[in-house]
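Heads up, the thing below is written out as structure tokens.
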Amino acid sequence: MRSQDLHQRLADLGAKPLHCGRIVRAWLQGRALDACTARQPAEDFLPLGVRHGLPQVAAELEGIARLHSEHPASDGSSRLLVELADRQMVESVLLPRGGLCVSTQVGCAVGCVFCMTGRSGLLRQVGSLEMVAQVVLARRRRAVKKVVFMGMGEPAHNLDNVLEAIDLLGTDGGIGHKNLVFSTVGDPRVFERLPLQRVKPALALSLHSTRAELRRQLLPKAPPLSPEELVEAGEAYARRVDYPIQYQWTLLEGINDSLEEMDGILRLLKGRFAVMNLIPYNSMDGDAYRRPSGERIVELVRYLHSRGVLTKVRNSAGQDIDGGCGQLRARATQGTAERRIPARQA
């Protein structure tokens, strides 16, 4: 089911646009579909046919996604394992201070070497209402004021569904445009389409290295944009929407944590409308990568910040409960057979 399908379903029951808007807003807030106001109860506002049909619509919406399990962490975050209608699993993460990270694909075709999700390949796309349903489930647990599309999957490979979800959340969902964050490895289609949208989200770009060859090794199936081209495209979007680009950099000890790389960041980002997010690597079973020491991370932040690049450390939420993206799902689906979608269909 997509957004237009939901509106058509309600229209078939006799709902006018005003009724549809109120019903959809109630769902997006995690409330009952017939939730109205103290001054105007449902029986005074919704047509009889709509009221009679809402229980079935509610059941259909509940069937889009359900909470399989919740895993609270010591840092105030909570990782949600969400089961979709076909029993596929995705992860979303409730973050401190009202944030939520949602998944846009089951699996991923980019194959980043430091990401658990990429190990499974792409299994299927997540529909727009399946993304929104992750927000609904989260809002039933705590307030959600910011949604980042940084969970499982590459949003640019599911662009229509992601943009539809962003539009719905940025209008009826009541989330400010700057508080909707589209994360991508840098697909050119993103830079073409985002400026044309009614809801223009903030943008996070996966950089990870200023050396083109190393970046290709770390993100083997990312579009062939050089780091310089990626930053130029990001800067153009930032100036158009008037909020900075977030550049993502997973810190891997001995690989991309050298001062030479930090100087490369200064060369690319100094004077740009940008924030550099350094993300200490979250280890996975059976890999050879490690995060730098805490002292080294502090040194790198100070090095960049003191030379004119706003730099923050973004630790993976819930590190004590399989905090890296895709790790919780991998543990839950261990031993089950899964069919991958070839990368060319991504």
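Note that Cβ sites are derived from N, Cα and C of the backbone, with glycine treated the same way.
The annotation active site, proton acceptor is assigned in Swiss-Prot to GLU91.
The domain 'Radical SAM core' annotation in Swiss-Prot covers 94-320.
The annotation disulfide bond is assigned in Swiss-Prot to CYS101-CYS325 on the grounds of similarity to another entry. DSSP classifies CYS101 (disulfide bond) as strand under the three-state reduction.
DSSP assigns CYS112 ([4Fe-4S] cluster binding site) to coil in the three-state reduction, outside any helix or strand. Contacts of CYS112 ([4Fe-4S] cluster binding site) defined by a Cβ separation under 8 A and a same-chain sequence distance of 6+ are given as GLY118, VAL185, SER206, LEU218, LEU219, PRO220, in order along the sequence. The feature [4Fe-4S] cluster binding site is assigned by Swiss-Prot to CYS108, CYS112, CYS115.
Per Swiss-Prot, the feature S-adenosyl-L-methionine binding site maps to GLY153, GLU154, SER183, SER206, LEU207, HIS208, ASN282. Using a 10 Å Cβ-Cβ cutoff, LEU207 (S-adenosyl-L-methionine binding site) registers 29 neighbours.
Here Swiss-Prot flags CYS325 as active site, S-methylcysteine intermediate, drawing on similarity to another entry.
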Practice task
Could you check which of these recorded positions, GLU91, CYS101, CYS108, CYS115, sit within 10 Å of GLU154 (S-adenosyl-L-methionine binding site), going Cα to Cα?
Solution key: CYS108
Exercise for the section: Can you tell which of SER183, SER206, ASN282 has the least company, meaning the fewest other C-beta atoms within 10 angstroms of its C-beta, among these binding-site residues? Expected result: ASN282
Problem - Spatially closest candidate among GLU91, CYS108, CYS115, the listed recorded positions, to ASN282 (S-adenosyl-L-methionine binding site) (Cα to Cα) - result: CYS115
Exercise for the section: Going by DSSP, give the three-state secondary structure for SER206 (S-adenosyl-L-methionine binding site). Expected result: strand
Exercise for the section: Find the one among the recorded positions GLU91, CYS101, GLY153, LEU207, HIS208 whose C-alpha lies closest to that of CYS115 ([4Fe-4S] cluster binding site). Expected result: GLY153
Handout entry: Among GLU91, CYS101, CYS108, which are recorded as recorded positions, the nearest neighbour of HIS208 (S-adenosyl-L-methionine binding site) by Cα
Key = CYS108
Problem - Cβ-Cβ distance under 8 Å to GLY153 (S-adenosyl-L-methionine binding site), same chain, at least six residues away - result: SER103, THR104, GLN105, VAL106, GLY107, CYS108, THR117, LEU122, VAL126
